[in-house]
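Following: one structure in structure tokens, then a few remarks.
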Amino acid sequence: MSDISKASLPKAIFLMGPTASGKTALAIELRKILPVELISVDSALIYKGMDIGTAKPNAEELLAAPHRLLDIRDPSQAYSAADFRRDALAEMADITAAGRIPLLVGGTMLYFKALLEGLSPLPSADPEVRARIEQQAAEQGWESLHRQLQEIDPVAAARIHPNDPQRLSRALEVFFISGKTLTELTQTSGDALPYQVHQFAIAPASRELLHQRIEQRFHQMLASGFEAEVRALFARGDLHTDLPSIRCVGYRQMWSYLEGEISYDEMVYRGVCATRQLAKRQITWLRGWEGVHWLDSEKPEQARDEVLQVVGAIAG
């Protein structure tokens, strides 16, 4: 698309970043200054009753800056990147029609990618193929399947952890059904986003700082009643660790503790480690992201001013 035709498109802002990087605080600050409406881009914040462990904006923050696409699913329900793209496009159109600018904030990079580039033509799930993969995993272990994926699709294998059976089996399933790798197919994009997008990523300057913030926030969640929140979900009786909601970072580890599989201290250790691993994956995505303007979490006023400098011209 030419620069002239791109300039005629409606405007949008992406505010991306790893967990615990200060995205929400910056988005709320920007809403006070710019004519923006916030849309959450987070695969955990969609779930009702999952507030503490997801660091969902609190009532005061939501009063100051309402977020769209929060609390739109029960934890028993699935929600795909395709669902997100459909819902986000509808919200963006609504915001644009009101003469305001959509500000999409979150850390689910797959959602941002699906929105920006469109969805690739991946084959639908095949229960027979999936059952065959799971049978092989039961006999040989997921490590063996991960080695198989390394031979078939080394790019996907580098991105998918051997302990992530859902994504691992999906990558193999796609290849067995289509004869093409997940990497090949995901490079075939769908409809591009019909907006002129200003993209920002916020993160601390050092990994050590991010690790500290993650550990502090996990302990704050525990002090705020995270265990009681997960106990309420656990007591429902219809939720389990095969659901995307309960596989969310922190929830999965607390669930293992409630089931008596691990000690409290082990749960805390694993929860912090899993959150750090999530942040590492998010940063890896962002480092390969084109056209992104980096902001420093430790300098919030400077970060705000940099956004205003870049997008100030579009706010009129």
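Just so you know, glycine gets a Cβ as well, placed from its N, Cα and C.
Computed from a predicted structure; not experimentally measured.
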Quick one: which of 71-75, 136-140, 146-150, 166-170 does Swiss-Prot have down as region 'Interaction with substrate tRNA'? 166-170
Which of these ranges is annotated region 'Interaction with substrate tRNA' in Swiss-Prot: 30-33, 42-45, 226-229? 42-45
Work out how many Å separate Thr19 (ATP binding site) and Arg130 (site 'Interaction with substrate tRNA') at their Cα atoms, rounded off. 31
Of all the recorded positions here, Lys23, Arg130, which one's CB has the most other CB atoms within 10 A? Lys23
Quick test of the contact rule: Cβ under 8 Å, at least six residues beyond the ends. What residues does that give for the region 'Interaction with substrate tRNA' (166-170)? 125, 130, 133-134, 137, 142, 145-146, 149, 160, 182, 247
Which residues, given as numbers and ranges, are at least 6 beyond the ends of the region 'Interaction with substrate tRNA' (247-252) yet have a Cβ under 8 Å from it? 19, 43-44, 47, 50, 53-54, 166, 218, 221, 226, 230, 233, 241, 271, 274-275, 278
Out of Gly17, Pro18, Gly22, the listed binding-site residues, fewest other Cβ atoms within 10 Å surround the Cβ of Gly22
Given a Cβ distance threshold of under 8 angstroms, which distant residues of the chain, six or more beyond its ends, lie next to the region 'Interaction with substrate tRNA' (42-45)? 53-54, 56, 67, 69-71, 79, 84, 106-108, 110-111, 244-245, 248-249
